[in-house]
């Protein structure tokens with residue numbers, strides 16, 4: 001609590017903040033004491049909110065009556081006030097009343113709940129389909145019917161998590177690549193997972209659905225206003241369950257179209273890069289970034305791993321052994337430890353080449369070899 | 001001819017006496033309560049501020065998992081079995097439990113089970129880290145090697161519970177004193193009889209689901225792996241078919257305790273005895289057909305969602321009947337507020353609050369927003385801490401003078417109550433807020449807007465923890481000595497247990513009492 005005042009004070013004292021950051025700060029300030037469910041930005045989230053409030057007020061009303069009687073009784077009917085106990089102990093009529101009245105209230109609650117549920121389950125006739133795949137610990141978004149497909153990783157720097165740097169407003173809720181969607185369009189989500197069960201949740205859309213390996217769940221949304229909507233994984237999925245946020249950026253249709261075209265062009269360019277020959281330094285530098293984004297969660301930023309859980313890269317038999325074995329481990333995953341996923345289908349050839357080059361030459365490993373994207377492609381084609 | 005216990009440690013190891021075994025269950029459960037509580041404090045300490053300060057995510061997940069397992073299987077369930085051991089024979093006028101040797105065995109395997117479970121903390125890869133609900137495949141393909149020890153520990157705990165349940169059913173059905181008809185039994189006996197049937201029905205299901213995990217992990221089956229033709233959601237169905245009745249296993253005996261205490265301190269008979277019995281039976285029945293409300297987001301067909309939503313909402317009816325009955329018992333009574341009564345009243349209020357949030361969670365479309373957030377954490381802690389823990393505490397204060405022959409220190413009891421009551425609410429009430437505002441459960445670090453309420457919750461948790469030290473101190477002092485209690489202890493309480501001397505002799509009702 002005190003920290004809030006400190007932060008506000010620091011903000012006023014140190015520098016004149018830009019207007020936008022002040023506005024952001026105020027919004028954050030309003031959010032921090034948030035006590036209720038968001039009304040969200042879709043029709044479904046609005047109805048869900050209203051349903052939630054309806055049930056809440058019914059509970060409050062029942063509570064007032066029940067506790068009212070109880071507190072009245074505790075006040076009036078005490079021995080210290082000389083109150084003599086009555087001896088009544090049953091009444092079928094009263095029992096019937098308090099069985100039937102709650103039943104009627106429940107039926108009244110069930111009607112709007114059923115209606116809302118039917119709305120939420122109406123996943124037909126969508127304008128856009130996005131496949132969402134949960135991975136330990138990131139999300140992959142495939143825009144079905146286009147070439148666009150990418151991973152969305154936590155972008156909050158490790159130093160903020162470790163309290164070495166001040167935390168940004170969107171701490172733990174920032175990703176490198178948000179899901180971009182058009183407003184006013186019915187978007188259908190096809191939700192699955194690659195390893196364990198995750199759950200894709202964005203409170204402002206009132207969409208929460210489990211991502212289950214081997215099965216595809218459906219959900220949908222239609223966002224009314226452009227904006228950035230943040231959520232998190234909602235099903236315990238292992239070590240970094242708390243570190244796989246969801247960010248959805250809703251934009252007008254025209255902006256969405258140009259974004260999609262841009263992404264498709266990038267994908268085409270990435271395919272071209274597969275043919276290119278890179279220098280060692282280029283690969284090493286790119287590999288470091290890829291490593292920190294993809295590998296460091298388990299193998300640790302210093303390549304030392306976690307004893308008993310995740311093996312070290314530094315001096316490992318794989319990273320300092322035959323190149324073939326290293327390629328196989330990264331591209332096809334481990335045969336014995338499912339935590340080591342098959343990264344072949346997840347990453348571009350360029351990134352795979354870069355990260356393998358990096359691993360073979362970082363953390364004291366000194367193999368001196370470079371791996372080119374074309375080597376990766378050849379390895380994949382050979383299988 | 002009654003004879004005394006063996007001297008020294010052998011008394012406890014070889015005992016077949018229901019009072020000794022009851023005491024051992026209660027002390028064991030209190031030890032587990034402190035252990036599980038310390039783990040909760042590690043969780044709350046880490047969540048005091050955003051960022052990672054004290055523990056890493058791997059260990060945090062082990063703490064949430066072990067806290068849940070230890071509290072459910074180590075603290076709450078053995079405590080109720082302990083109270084059953086002590087009180088059921090005395091309440092029905094029986095000399096002991098029906099199966100005394102099995103009674104000894106069902107207690108003594110517990111320390112081994114929990115030693116095995118706790119030892120996983122020191123193993124390579126750490127303790128189970130997949131949550132107390134251990135959803136596959138996180139708990140199978142992706143589990144640390146210690147999962148096998150976890151599975152065997154669960155097997156042993158299950159065996160212990162089943163033996164305890166058989167013993168209680170056999171005692172209640174066969175050993176009642178002449179004239180003690182079923183509908184004359186105290187509600188604690190009734191609720192335990194129904195609980196025991198729930199245990200016998202669902203503990204084998206739990207054993208089944210962990211055995212399927214064992215097969216998946218070691219013997220190449222694929223019950224829960226889609227790649228081999230199995231289904232991860234099957235795990236959840238089987239688990240919650242056990243899990244939902246399990247939460248009633250942890251609350252029905254509590255209903256019984258409170259139904260004994262409130263009439264005593266209101267000096268007025270329990271209102272609606274027979275409706276209490278029927279409501280308990282209804283809740284037990286409903287507990288078998290609502291399990292999938294824990295799984296509203298797994299993608300069930302809408303017919304399934306609707307069925308489980310309606311069935312779950314129905315539970316509010318018999319639960320409401322119980323609450324109304326307790327309040328009507330208090331109404332126009334002549335109340336005093338000794339420690340057991342304070343805990344019982346707090347039970348009624350706070351359990352009802354937990355019931356309200358339960359009703360909200362039952363509404364499937366709203367549950368899509370609540371599911372797996374701190375709102376759920378707030379909900380089940382509101383039903384379990386004031387529900388199970390407060391009622392057990394109330395029961396201990398209520399019967400302690402009968403067990404020891406000494407009155408506990410009333411002032412210290414009241415201090416304990418108010419510390420625990422304030423601590424509990426400061427800890428768990430803000431969790432409703434952060435949950436609704438969007439904080440997922442089981443995360444070691446959180447976004448900044450949740451910081452303030454988490455800080456408050458953490459402070460409450462330490463207060464609640466401190467309150468238990470007062471409890472321990474008070475109980476130890478009472479065991480050692482204190483003001484002598486009369487045979488009745490309280491002001492004209494109902495029940496056979498108050499007809500025997502205080503402290504209750506080692507053997508009671510060697511000849512059955514007559515019940516009018």
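Quick reminder: no glycine exception, Cβ is built from N, Cα and C everywhere.
Annotations in TrEMBL come from automatic prediction, not curation.
Because the structure is a prediction, the values reported are computed rather than measured.
Quick look at what TrEMBL lists:
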- A:29-124: domain 'Cytochrome oxidase subunit II transmembrane region profile' (DOMAIN)
- A:125-262: domain 'Cytochrome oxidase subunit II copper A binding' (DOMAIN)
- A:282-363: domain 'Cytochrome c' (DOMAIN)
- A:1-23: signal peptide (SIGNAL)
- A:54-75: transmembrane segment (TRANSMEM)
- A:96-113: transmembrane segment (TRANSMEM)
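Same-chain residues lying 6 or more positions outside the transmembrane segment (A:96-113) and placing a CB less than 8 Å from one of its CB atoms are 51, 54-55, 58, 62. The DSSP breakdown of the domain 'Cytochrome oxidase subunit II transmembrane region profile' (A:29-124) into helical (H, G, I), extended (E, B) and coil residues amounts to 70 helix, 2 strand, 24 coil. On the 0 to 100 pLDDT scale, the domain 'Cytochrome oxidase subunit II copper A binding' (A:125-262) averages 95 in this prediction.
Residue counts for the domain 'Cytochrome oxidase subunit II copper A binding' (A:125-262) by DSSP state, with H, G and I taken as helix and E and B as strand, are 20 helix, 62 strand, 56 coil.
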